[in-house]
């Protein structure tokens, strides 16, 4: 998978080259290129923003700069991803769908966002998805890109040591993942649930399912189908 990120703060994306993501790069499973948007500016000050039409606070990122940048780094077969609090929710299902893509391009906005015409123009030749990682506002799109890339890349074959690691994740079956335990059996007066020590795989699986349902019912009842939410 090829990943391109366009931003005015390339250093913000350095975590993409660390830990498991860095190992995925070393293995050739992904390639990551981070591009400084200011390369495509047209003035000596390398300005990327201007005052909004219609008035209002803040600044809007220029279409002239972004248009040239996307022309250069976003080919017709790529998926262009725009992190924005005004986007559709990014979910595990989104991550799974994107994991099948060959090329993702992320456009990191700042200030009051990017001129809408940038995406309207891009949509003439590429698929564009405006996506939100939550109902809150960040300073820019870079942190959201780190979240989304990690969620997607960990699903690629060979990135995680154990394929079941993501197959049993929260949201993989529509539920939150239940509690996890490791050694020692007893710690500060708290015990590992005996069922996990039984060696009975069927009973362990049933217990984990029950815990997953209980946690989802308590913390995210909106994820449950109507017939399960009141069980």
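Think of each number as a place in line: the chain as shown, counted from 1.
Including glycine, each Cβ sits where the backbone N, Cα and C put it.
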| said: Per Swiss-Prot, which of 109, 174, 178 sits in the S-adenosyl-L-methionine site along with 133, 134, 135, 136, 137, 138? | reply: 109
| note | CB neighbours within 10 A of residue 134 (S-adenosyl-L-methionine binding site), counting all protein chains shown, number 11
| request: Using a 10 angstroms cut-off on Cβ to Cβ distances, just flag whichever of 135, 138 is the loneliest among these binding-site residues. | output: 135
